Amino acid sequence: MTTVPKFRRIMLKVSGEALMGAQAYGIDQETVDRIARDIKGAYDLGIEICLVIGGGNIFRGLSKAAHGMERATADYMGMLATVMNALALQSGLEKFGLQTRVVSAIPMTSVCEPYIRRRAIRHMEKGRVVIFAAGTGNPFFTTDTAATLRAIEMGCDVMLKGTQVDGVYSADPKRDPDATRYDELTYQEVLARDLRVMDASAIALARDNRIPILVYSLSEPVVSVLTGEAKSTIIREGE
Ligand code: UDP
C-alpha cells in the first residue's frame, strides 16, 4: 500500500534539460509525457502542485554571455526559453486530464497569465497545477532561485529538485567511487562544503525562509520520493 505523504502543497523544479530526453537540444515529446504522467501520479495523492521549469535545453544566458552577448540580454532570452518549456509541459499535463495554468514573471498576456501571487494560490486551491514561467523575471538569476522564491510565496511545504543522481553526494558519484550520499544536510552544510546541488542564492533563500529541499533522482517517480520509498537527500534546518 502506498503511504500517503505528509505534504499538502509542493514545488517541483524541473530543469530544462530534463525535457530533452536522449536529444542534445530542445523538447522530446515522449519525455514531456512521461514527466506529465509522473506529476499526475503525485496529483492523484491529493497534493497541490506547482512547478518551475528551466530553460537550459534551449538557451542558457551565461553560456551565450561568455561568447560576447550582453549578459542581461542573454538572460532575458533564457527566460523566454522557459516559457516555451512551460507551454510544452502544460500541453503534456492536459493530456492526462489535469487543469493547468502557465503564469509568467514577464507578462505576455496573449500566451499565458501574468504572475499574480494570490491568483496563483487560488489556482492551486481550485486543483489546478500552476507552472511558473520566465524565472524570477530578472536577469542574473536562475530558475533554481525562481523555484525557491515561488515555493516560499506559495507557502509550499517542500521543494523537490530532480537531479541525475539520487541525492546529494560528498563528491560527483559519476567520477569519484568514494563519494557518499547524504540522507540529510543543513543549508549551512551545503553552503560551507560547496555542494553544488543548487546555486548559493537559492540555498540561502531557502535557509532564510526555512523551506526544505528534497533532492532526488529524476529516474524515480515523484510519488516514490514523496512517500519515502525512493532514496533522496533532505536539506533543512538543523535540530
Ligand atoms: N534566467 C534568468 N532569470 C531567472 C531565471 C532564469 O535570467 O530568474 C535565465 C538564465 O539565462 C538561465 C536561463 O534563463 O540560464 C535558463 O534557466 P536555467 O539555466 O535556470 O534553467 P535549467 O538549468 O533549470 O534548465
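The backbone N, Cα and C atoms fix where each Cβ goes, glycine too.
No curator has checked TrEMBL annotations; they are predicted automatically.
Here GLY56 (ATP binding site) comes close to SER15, GLY16, GLU17: these same-chain residues lie at least six apart in sequence, with C-beta atoms under 8 angstroms from its C-beta. In three-state terms derived from DSSP, GLY56 (ATP binding site) belongs to neither a helical nor a strand segment and is classed as coil. Under the heading ATP binding site, TrEMBL lists LYS13, VAL14, SER15, GLY16, GLY56, ARG60, THR163, GLN164, TYR169, ASP172.
If you look up TrEMBL, you'll see GLY55, ASP75, THR136, GLY137, ASN138, PRO139, PHE140, PHE141, THR142, THR143 marked as UMP binding site. For PHE140 (UMP binding site), the same-chain residues that are 6 or more apart in sequence and have a Cβ closer than 8 Å to its Cβ are ARG71, ALA72, ASP75.
Annotated domain 'Aspartate/glutamate/uridylate kinase' per TrEMBL: 9-216, in sequence order.
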Candidates LYS13, THR163, TYR169 (binding-site residues) - the one closest to ASN138 (UMP binding site) by CA: LYS13
Structural state of TYR169 (ATP binding site), classified by DSSP into three states: strand
Contacting binding-site residues for ligand 1, chosen from SER15, GLY56, THR136, THR142, THR163, TYR169 when the Cβ sits under 6 angstroms of any of its atoms: SER15, GLY56, THR136, THR142
